[in-house]
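From TrEMBL, here are the annotated features:
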- D:6-23: transmembrane segment (TRANSMEM)
- D:30-49: transmembrane segment (TRANSMEM)
- D:69-94: transmembrane segment (TRANSMEM)
- D:69-101: domain 'NADH-Ubiquinone oxidoreductase (complex I) chain 5 N-terminal' (DOMAIN)
- D:115-142: transmembrane segment (TRANSMEM)
- D:132-415: domain 'NADH:quinone oxidoreductase/Mrp antiporter transmembrane' (DOMAIN)
- D:165-188: transmembrane segment (TRANSMEM)
- D:240-258: transmembrane segment (TRANSMEM)
- D:270-292: transmembrane segment (TRANSMEM)
- D:299-321: transmembrane segment (TRANSMEM)
- D:333-353: transmembrane segment (TRANSMEM)
- D:365-383: transmembrane segment (TRANSMEM)
- D:412-434: transmembrane segment (TRANSMEM)
- D:454-478: transmembrane segment (TRANSMEM)
Amino acid sequence: MVQQIFMLSVFLYIAAAFLSLVMNRIYKVANYISAIGTFAAAIAGLVSTIIVLVQGMPFAAEFPRFVPFARFTIEVDYLSAFMILVISLIAAVTAIFTLTYNERYIGKNAGIFGFLNNIYILSMILAVASSNAFYFLVFWEIMTLASYFLVIAKQDKEAINSGFVYFAVAHAAVTLIIFSIIVLYIYAGSFDFSDFRNAEIPQATKNLIFLLSFLGFGIKAGIVPFHTWLPITYSSAPSTVSALMSTKVAIYGLIRIGVDFLGASVWWWGLTLLAFGAISAVVGILYASVEKDLNRLLAYSSTENVGIILMGIGVGMIGFAVEQPVLGTLGMLAGLYHMVNHAVFKGLLFLCTGSVIYRVQTTNMEEMGGLAKRMPWTGFAFLIGALAISAIPPLNGFVSEWFLYQSLFMAGNHSILAVKALSPLFAVMLALTGAIAAMCFVKAYGVVFAGPSRSEHAREAREVPVPMIAGMMLLVVGILVLGLGAPVVAPYIGHVASSLLNTSSPQVSEGLTVYPTSKTQAMLSTPLLFLFLMGLLVVPLFIVWTLRGEKSGRRMDSTPWATGYAYSARMAYSATAFSQPLRVLFHPVYWIRTTLVEVGSKIASYFRQVVGCIDRLESFWENTVYGSLARGTVLLGKRIQDIQLGNVRMYCLYIIITLVILLITTIR
Amino acid sequence: MSGTAVVNFLAVLLILTSMLVIETRRLRLAAYMYSLQSLVLVLIFLSLAIFMHAEPLYIWSFTALITKVFLVPWLIIRTLKKIGDQEGESAFKTSTTVLFAVFLVALSFAVANSFQTYAVVKVKIAMGVSIALFLLGLLCILTKKNALKQIFGYCLMENGSHLTLALLAYNAPETVEIGILTDAIFAVVIMLVIAGRLFKSFGTLDTDNYTLLKG
Amino acid sequence: MGENLLYLLPAVPLVTALLSFVIRSYRIVEVVHVAGISGLALLSLGLVKSLLGGQTFFALDGMLYADGLTAILILLIGTVGFLSGFYSIGYMRHDLAHGEVKERDLSTYYGFYHLFLFTMILSAISNNIAILWAAVEATTLGSAFLVGFYKHKTSAEAAWKYVLICSVGLAFALYGTILTYSNAFSVVQDAHKAMLWTELIKMAHQLDPQMMKLAFVFILIGFGTKAGLVPMHTWLPDAHSEAPSPASALLSGVLLKCALFAMVRYYAIALQSVGSEFPQTLLLIFGLLSVGVAAFFILVQNDIKRKLAYSSVEHIGIIATGLGVGGPLGIFAAFLHTINHSITKSLLFCTTGNITMKYGTRDATKIRGMKKVAPLTGFLFAAGLIAVAGSPPFNIFISELMTLTAGLKSGLFWPMILLLLFLVIAFAALVILISETVLGSPPEDLPRGETNWMGLLPLGILFVFMAGLGIYLPAPLNQLLQDAVGVVLGH
Amino acid sequence: MVWFALGSILLPILGSVLVLLIPERHVKKAGQFFSFLAFICGLLLWIGFAENRDSFTRDLLTIGGINLFGITIDTLSVLVNLMVVFIGWLICTYSVGYMNAGNREHPVTEGIPRFYSFMLLFIGSMSGLVLSSTLLGLLFFFEMTGLCSWNLIGFYGDQKSRNSALWAIILTHFAALGLYVATAFVYINTGSFSISALGNLNETEKIIAFGGILLASWGKSAQLPLHPWLPRAMVAPTPVSAYLHAASMVKVGVYIFARTVLEAGAVPQVIGEVGAIMAVLTMVYGFIMYFPQDDMKKLLAYSTIAQLSYIFLAISLSIYGSELAFNGAVSHIFNHAFAKGLFFLVAGALAYTTGTRRLSMLRGILSKLPVIGVGYIAAAMSIVGSPPFSGFFSKFMIILAGFQVGWHQPLILVLMVVTLVESVGSFIWILRWMGVNVFGSPSEAIAGASPTPVSIQVVVGVLILMTLVSQYIVFLLLS
């Protein structure tokens, strides 16, 4: 039954893809078909995976072989189901969003866009669903290919360039992944996941596989120092695509290989993840905070969030490695929880950005401002998203980070010195990240939505059409559900985490509270927190309401002023100005960033010289090697030609000399 | 005087005459010298025929008398009337050529010595001379630039090989001799015709000038 | 039947030659000529057919003789003689029409043509080694006027060099002949028998090896001169390039082989008398030398007929290499190559005739764009050049491959690699020639269209042979070659 | 079966003679017709073989008890033969549209019969080479393909193209010497020309024979150091280049290598080592040479060189006993043919419509010429090995097999890592040009493009489809 629903979802994606391709000429129809198809398919996917997760019934299926050396099998276990859930969720929301968004942005190619979009989502789902590494790779690559075309959908120079960067980096990453999978294959003898799990692999090889896959998936996920492609890509990709890309399927691969296949066998793997995660988180958010371009800001923030997810998984892997299932599950829970959270709030933020771009037609925050008044729904959604991403309780971002803090504290009690020593440091870094993130998104909201409008478009902006609002609102609901509903949601994610180790899932919630497996360490109840916060809001209002008789003096001057000057738009606290203190504070980090950029251009200039050299190499072969051979032959021919000098007496002499030589050798 | 001695004496005479053919600057004179040499050759044939009781050699000497003593010189002289009989320069001085000739003669005798195991060779000196004659002919072709001189050279070679044939294969069928002789005559005829044409075309008989075709 | 053919075969061209010399009207001479070559072709085919299966015939008291070797030569003389003779008609008419030659000259030409054929037939069928020598020498004399046929300075020069060098060279062969004879005579003490090749081969193992070695050296130099082995080849490019094209075809296609086969007769004796090493090594050295030197000449020479002449030197070299490799396979390859080369080179020289008619020059740097000017001629020329370059689907490819195979079989690895490298140079030279002359863009002022349509017919036939032998070796021909190999190896 | 095989060899050859004889206005149709007949034969052969899968060898021409030519029907030959005749047919169809006076890059007004004649001869020769069961047959058709390519490369007849044609024939002929030696060597050691006789040689003899074969294959497949003819051959009319690169000429080399390795049983490992090292060297060289190229066809030429190195690498790996590598090689021969054929035809279509092949002048193909644009994408993605295009599967098989072998052979492991790096590098470079050329707003050259002939569009369409499904045709036979 579950399987049928899942297959229905797959079928719907395919149908939507090809129908929209066929209808490309009538692009509006194509857009609707595609969006509705995607939505229906995503709902089917959601239903099937929720059944899997809730009822605990993974399923598997095998299809006819296309390729002689690999079985085409699909297996939706907890982890896959969780991933599919996340993907489907975002897919459904973006589907609604695209109904109107695409009409304007993709225009006449909406059919093709629909086709690629469906293929992209489907390949993501199949990649996480297949239980054969070869098909995982195939779908992974199809996913990359489809997303490449989606990234360059606008087809301007910038988009093409960013598409190039995206695809090139993704392909390089895939190569590393292929490498690691091939090594697994060599030991397992087939591409089946089940064989991978049971393969006898020496520890050194395991390390190699892990490092390769970590690099590969890490690049794809955008961790520091491989994050540079993210802002480039996101800045020109359509917002819906950026939202879909925020599902971070790469993490799935890392978990699959690192934890599922290799059993997280040594503790330093986890520590590596943890370290890279922490650095990514801090550096990512630092970069984000000084960014003027909204898309790029969100991209850097993705790096940050990937870092946080990795930290969770790192802790989880340490837990598994040292055979502390509780720590492992908890860390993994934090990571996975943050993954779904990130997908939801980052998706929301991208959709909001999409909406803003839809009206303002720029991504430069300096040209926005004051949009909250003109686009109230969008502003509200962005606010919720910003709060969530800044880990403000009781929203979802806070919950997952809270779990992460708890797991880090737990790891701090660990016997391994490095882990023990570093865990608090990572916790501090996480805190720093949270702080800067809050500041960063305050800035973002403030600059974009508050204050005066700083451009013509911004002044003329109005609210986006209903489908787009609906899409955003769905995600707002998602944030609330994941935040306030944490006591309900967390155990299921805990199931997913524990299923990776085949342990019983630990207790992480009771009633309205969640806790890191033991109530003594800490407890959190987001619903109660929410009530409390609501209370905090309500109480002042109540006070004001009770004291309403007493009129306090209100300044009614409508135009603001500053130090004696009348207000102008240029005076507003702009994005650049806002981040000035950070720039000063973290000067070295930014310095690295600028020098890196310069190095790029320097390398490019060397590259041109190299190209010139290579150009000459071609003629080297032809002129020097073969040319001299040919010339030499002709020259030799001309020398030899001299023997035919035309004198008949010489000719006779030749005969005689030959005869004499022969006679001498014969008689001798 | 035994038969061998006669033959050997005549053979030495051949060397002398061939040197005269080579070194005579006037071609008409050279033609006469060649005629003389051929006469000596005929005499050798005759003496061989007598002393060795080789009947076929009578016919040989007869045909040789007609062709070599009379026909060939006549043909050459006939051609000389058209093209003048003065030889141009040669590649070496006379003294050098003679030195070469001496060397070649010595070589020939050395070679002829190696034939001693063969019963047929009763007249070693004659054998050596026949080879020497052949080589002198070659020498003439190599050192003389004049086309007619080269024809003489060819004739000398031909005489030499004829003598060798007579010494070694005197009892071979007549057809052989006739065939070879016919070839020789025709070769000379053709060469003379071509030499005539060459003179008409190039205005000289110096073969070193005939180098239009090379490479 | 066979014996009669041995008389008839030389008689036909001899009579035709005499008639041609006598008759003045060139129209009648042409008729006589056609009759002569047709008769010759039929008779030679008849002889070859009766020789199949290792048959031998004697005639004239054993002086004339025919076996497998003869059959190959007779086949070539008949076929090439007929086809290039047929081609001559159109060629000569063209020359006549353009005032190159006079009517009287045509009679001379046809007369010498047949005389030449006669001498070659004689060399093919003579059993007496002295007559053999005389016949080979006679071929020089018969063809000398063909070489010097045109009234150019260069023609006379070429003829002079041809006659002089060949005569000098062949004089050495006479010494070789005499040495062989005296060697044999000391064995059998019978002057008649000691001159007959069939007897010599029977007593070969009794001959004095040292003497035979010496004789073989003289024979190699002598007949090698006539066959065109380097460094005695010097007359060859001159003669072949100056002769009228059909005569060049005959010179290159058949004459060289006559001399070569005369050498093969001695080679057969030497094999038994002195063992295989000595003659084979000599032939191998001369073969490789010829291929190597000729390959360079082909590359740097600009006159297309001289190029083709050097190509003949090259192929004679390959045949010599095949003989030098020895063994049934090597000799088979050599003989097959002989046939193949004759066909191909005749085709090429005749085609060159068409080209010179069209372009009025033999300079490869001036002949351009044949594919547009004269497509059929261009096609045949290109096909022929590809064939002599040793590329499939044409015949020479097969025999070259066989030569190589035989060489490797004998363990001559490096010589064969050397051979192949030389062949690459020749190949390159020839394809460059095609590329320039056939494919290039033609001169503006040259009128389009074929000349000498009549001449294309024999060329077409030659082309069919050339392509056919590249794909399939007919059983009778195979039989013929096997017979010839049997003759050489003495079983 | 044998008749189908013979049909695919002889029908085009027959056609090549006929097109020279019939009036010029019928030539294009006749050319199409005969190539189509060949394709039908090839297809029927494939179907027949796919049904019962029995490989066999039939001797056809035997003289004196020695088999000179025969036909081998097995997976390899049937597949490659299908590729040869299929692409041959497509190219002949394409040329109907391409070879006319409307061609912007190089209007063609004369020589059509010659073109079709050699094209058909080319198809027939290739088919003959592929199906031949003897080394003699291989050698024969090896040289035939050289001749055909020579004439076709020099088709335009100007100085440059003639020179390039000479490069091609002289270099490949030089390489052919290796095959000559190998053929002769096998014959004298086994008394047979049959390819399977290679298996009867001993170790040392095999090294010599395979040394020769390797040389020949390198030359024909334009591998280092015998490669310079291939980039130069780009002066040929584009359909010719397409056929040279896709289905013939360069495939001759890899095919004979594959065929001989398949038949020879155990091949000395040193051959595998040399083959693999040279393959990787060439691959890297080909990759490096991408950078300075601005001529689309030249870029493709170097891409061909690099892609053929993959096949060489795979065959060399199969010498180590990896069946997967061999299957990968077969697949790559097949897949690369369609992808590279498509790529060249796209280049040709661009040249036809815009008159330029300069990469830097092409932009926004997709918007103006959608079919061509999609063709470009499909070809590029298939060549760089991105699924679902078929190039991925074969490349993956090769790399997989390489690591499998390399796990116990440090040398191979190093080579495979280099290969992997190269694959990423070439991917990036091709992708870069694809981004520049295909997307965006049309550049001047593209905007002024003339309409594409229908035959070109149809052929490009068919090939796009083939880049997606060609792999499954292979797998149908391999599984």
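The backbone N, Cα and C atoms fix where each Cβ goes, and this holds for glycine too.
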Quick check for me: are there 3+ Cβ pairs below 8 Å between the transmembrane segment (D:115-142) and the transmembrane segment (D:6-23), leaving out pairs under 6 residues apart?
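Result for the transmembrane segment (D:115-142) with the transmembrane segment (D:6-23) is yes.
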Considering only Cβ pairs within less than 8 angstroms, which of the stretches D:6-23, D:165-188, D:240-258, D:299-321, D:412-434 has the most against the transmembrane segment (D:30-49)?
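It is D:6-23 that shares the most Cβ pairs under 8 Å with the transmembrane segment (D:30-49).
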With pairs fewer than 6 apart in sequence excluded, do the transmembrane segment (D:333-353) and the transmembrane segment (D:69-94) have three or more C-beta pairs that lie under 8 Å?
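In contact, yes.
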Top stretch among D:240-258, D:270-292, D:299-321, D:365-383, D:412-434 for CB pairs under 8 A with the transmembrane segment (D:333-353)?
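Ranked by Cβ pairs under 8 Å, first place goes to D:365-383.
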The transmembrane segment (D:240-258) and the transmembrane segment (D:412-434): do they have three or more Cβ pairs under 8 Å, with pairs 6 or more apart in sequence?
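Not in contact, no.
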Same-chain Cβ contacts of the transmembrane segment (D:365-383) under 8 Å, 6 or more residues past its ends?
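Distant Cβ neighbours of the transmembrane segment (D:365-383) are 303, 307, 335-336, 338-340, 342-343, 345-346, 349-350, 353, 389-392, 430-431, 433-434, 437-442, 446-447, 449, 452, 457, 460-461, 463-464, 467-468.
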Going by DSSP assignments with H, G and I as helix and E and B as strand, what are the residue counts for the domain 'NADH-Ubiquinone oxidoreductase (complex I) chain 5 N-terminal' (D:69-101)?
24 helix, 5 strand, 4 coil
